[in-house]
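According to TrEMBL, the protein has these features:
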- 13-33: transmembrane segment (TRANSMEM)
- 99-118: transmembrane segment (TRANSMEM)
- 138-165: transmembrane segment (TRANSMEM)
- 186-213: transmembrane segment (TRANSMEM)
- 328-349: transmembrane segment (TRANSMEM)
- 369-387: transmembrane segment (TRANSMEM)
- 407-430: transmembrane segment (TRANSMEM)
- 451-476: transmembrane segment (TRANSMEM)
- 482-503: transmembrane segment (TRANSMEM)
- 547-569: transmembrane segment (TRANSMEM)
- 575-593: transmembrane segment (TRANSMEM)
Amino acid sequence: MGSSILPDLGAEILIPVCAVIGIAFSLVQWLLVSKVKLSPGRDSGSPGNNGAGGKNGYSDYLIEEEEGLNDHNVVIKCAEIQTAISEGATSFLFTEYQYVGIFMVAFAILIFLFLGSVEGFSTKSQPCTYDKSKMCKPALATAIFSTVSFLLGAVTSVVSGFLGMKIATYANARTTLEARKGVGKAFITAFRSGAVMGFLLAANGLLVLYIAINLFKLYYGDDWGGLFEAITGYGLGGSSMALFGRVGGGIYTKAADVGADLVGKVERNIPEDDPRNPAVIADNVGDNVGDIAGMGSDLFGSYAESSCAALVVASISSFGINHELTPMLYPLIISSVGIIVCLITTLFATDFFEIKAVKEIEPSLKRQLIISTVLMTIGIGIVSWVALPSSFTIFNFGDQKAVKNWQLFLCVAVGLWAGLIIGFVTEYYTSNAYSPVQDVADSCRTGAATNVIFGLALGYKSCIIPIFAIAISIFVSFSFAAMYGIAVAALGMLSTIATGLAIDAYGPISDNAGGIAEMAGMSHRIRERTDALDAAGNTTAAIGKGFAIGSAALVSLALFGAFVSRAAISTVDVLTPKVFIGLLVGAMLPYWFSAMTMKSVGSAALKMVEEVRRQFNTIPGLMEGTAKPDYATCVKISTDASIKEMIPPGALVMLTPLIVGIFFGVETLSGVLAGSLVSGVQIAISASNTGGAWDNAKKYIEAGASEHARTLGPKGSEPHKAAVIGDTIGDPLKDTSGPSLNILIKLMAVESLVFAPFFATHGGLLFKIF
């Protein structure tokens with residue numbers, strides 16, 4: 001068998017050191033962003049002195065027309081708007097976390113009671129699950145430690161989302177102010193802020209997991225099977241918080257967005273983010289709570305679950321049986337190397353290449369993906385050579401499968417490259433630089449109906465290549481290393497999570513920056529720059545969602561494999577009625593879930609539209625700009641709606657595995673998991689891409705960059721109005737239903753895995769009765 005080159009001590013030092021480097025790097029980026037001052041300095045008030053001196057980050061000359069006396073007012077105005085957005089986002093998240101906190105405690109008690117009752121709360125040692133000849137820790141220990149790791153995961157997830165939101169609201173106005181010096185400066189500020197979030201999240205997730213494993217080991221000792229079974233709670237905690245963050249944030253942001261667009265743009269013909277629009281602050285707050293806090297928790301959940309799935313399978317393979325620590329921690333070592341790779345990659349965007357023109361923005365972001373993937377492939381090669389023995393065995397549904405270290409390298413690499421392919425296909429279908437979106441924009445000539453038809457067709461078509469990419473990576477990784485291969489392929493896709501998140505968070509920050517520029521009354525040249533940043537951000541957000549969906553498919557399959565092993569099901573036979581009914585119901589769940597979230601956005605948007613209309617009709621001087629709208633009421637409508645509406649979809653996802661497992665047993669549950677995975681991935685990809693394409697078709701017409709786009713414009717033309725309607729329909733698809741579905745897929749699988757011991761002993765009540 002042989003042992004790994006890297007000694008155990010080396011692995012134990014490498015992981016925390018990489019995590020600490022990641023945290024340190026994010027703090028450095030944050031310090032660089034904070035150099036842009038939001039208070040007008042001494043040299044900002046006098047007309048002649050503006051470009052002089054390196055004080056307050058104003059070392060570069062500002063645009064000519066922005067120089068002079070109005071500069072002082074612009075900075076103050078930007079600071080005011082930023083404070084309003086930040087306060088709105090913070091108060092919403094605190095309200096959301098109060099509700100989620102109650103759920104967290106209730107669910108923790110449920111985990112403890114269910115898992116503790118497996119052996120009737122006995123404190124005696126019991127035979128091990130996979131090797132009856134040995135004695136392992138009691139089920140009560142698994143119950144206690146699973147509950148602890150669930151709470152750890154939940155808290156880490158919440159903190160990740162909250163920190164991301166804080167950084168985004170800190171950076172948005174700074175990006176606007178930097179846009180006065182040119183698009184390159186603004187890009188770097190927005191990208192650095194995204195990097196703060198990406199690295200904090202990747203490093204925190206890794207560090208907390210590593211510390212938890214070491215603390216649990218003090219009790220579990222040599223019982224690695226029990227130890228890593230208890231760790232799965234970490235993934236469950238991360239994803240359950242992400243579900244509420246994604247759904248709640250998604251409903252919030254889209255209710256405000258749809259309300260602001262329909263009344264503002266279509267009825268009143270005022271530009272996007274016009275300060276006269278009462279829903280405009282709520283719209284900008286929504287970008288931060290949905291796209292940043294929700295996305296952060298979501299990717300953290302994926303990361304935690306893929307690590308847990310890999311560790312569970314490894315603990316019952318030769319790594320765990322022979323207590324080989326370094327190969328056991330292989331998933332964590334991959335993530336550690338990923339942080340270092342992403343750190344080098346980030347420097348390419350912020351330090352090595354300077355962006356001088358608008359057309360360089362998107363290529364620079366795409367370069368991030370390519371550089372990180374290429375470097376990570378080399379990193380994985382080194383890790384697989386150093387941290388793994390040359391040959392070992394992997395648990396494969398009851399048997400042990402012999403695997404070589406180069407095969408495991410290929411598993412991770414295939415996941416990594418599949419992620420890149422999914423990213424680029426998503427970009428092709430959602431960027432207005434390519435023909436699919438231009439065709440959708442062109443269809444607006446004949447009104448909104450053709451726009452909707454073209455957009456839906458584009459979304460369905462965009463599933464084809466990503467599904468093949470996922471299918472090939474599943475086949476390759478399973479052939480080489482069974483379920484462990486799939487788990488590490490998912491980890492491979494997520495190994496560049498820090499870069500992925502930086503690119504993803506960049507989008508909402510640029511979006512906010514554009515809104516602030518419009519509200520602060522800055523010149524159209526500034527708005528053009530922030531729009532260019534935002535259009536690139538839209539595409540990268542779609543790429544981020546592609547990654548999240550692709551990795552969710554792999555993660556949930558790996559968790560499904562771990563669940564089937566843990567529940568002692570030898571085969572999942574589709575021809576048995578128990579399994580087939582599960583498949584049908586499982587395939588229906590994503591539709592039920594999407595219906596709930598779409599309708600929630602619709603009803604919340606309805607209230608918002610009525611409120612915005614009421615203000616335009618009853619506040620004298622609002623259209624003329626002499627009176628101020630009542631922003632607070634709109635923020636309250638969004639908050640109340642999202643808190644109330646996030647509970648039913650959340651309950652659907654959390655309760656389904658429990659109800660099916662208890663009443664119908666593990667076989668039906670395995671059918672439900674397979675069904676929801678298969679249909680959920682398709683809907684998620686098509687919904688995200690359709691929405692992204694409609695959004696960028698509208699931006700294509702508004703920017704009027706090409707001859708074709710100018711024939712469709714300008715803003716306010718009939719084709720433009722049709723494009724706005726398409727964009728409004730796409731909003732809940734791409735920002736609420738689509739991204740939440742990948743959490744549905746993963747969460748049901750990880751929950752089934754955590755409760756598997758209970759379902760295996762006490763489940764299937766209905767079939768026992770009849």
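Glycine too: its Cβ is placed from the backbone N, Cα and C atoms.
Same-chain residues lying 6 or more positions outside the transmembrane segment (99-118) and placing a CB less than 8 Å from one of its CB atoms are 139-140, 142-144, 146-147, 150-151, 154, 158, 233, 236-237, 240-241, 244-245, 643, 647, 650, 654, 754-755, 757-758, 761-762. Same-chain neighbours of the transmembrane segment (186-213): 15-16, 18-23, 25-27, 29-30, 32-33, 36, 149, 152, 156, 159-160, 163-164, 167-168, 170-171, 174-176, 178-179, 227-228, 231, 234, 238, 292, 296, 299-300, 303-304, 307, 311, 332, 335-336, 338-339, 342-343, 346, 349-350, 355, 361, 364, 497-506, 509-510, 513, 529-530, 533, 537, counting only residues six or more beyond its ends whose CB sits under 8 Å from a CB of the stretch. Only pairs six or more apart in sequence are counted, and the transmembrane segment (482-503) with the transmembrane segment (138-165) gives fewer than three Cβ pairs under 8 Å, not enough to call it a contact. Contact between the transmembrane segment (328-349) and the transmembrane segment (575-593) is absent: fewer than three CB pairs lie under 8 Å, with pairs separated by 6 or more positions in sequence. Sequence-distant residue pairs (6 or more apart) of the transmembrane segment (547-569) and the transmembrane segment (451-476) include at least 3 whose Cβ atoms are under 8 Å, placing the two stretches in contact.
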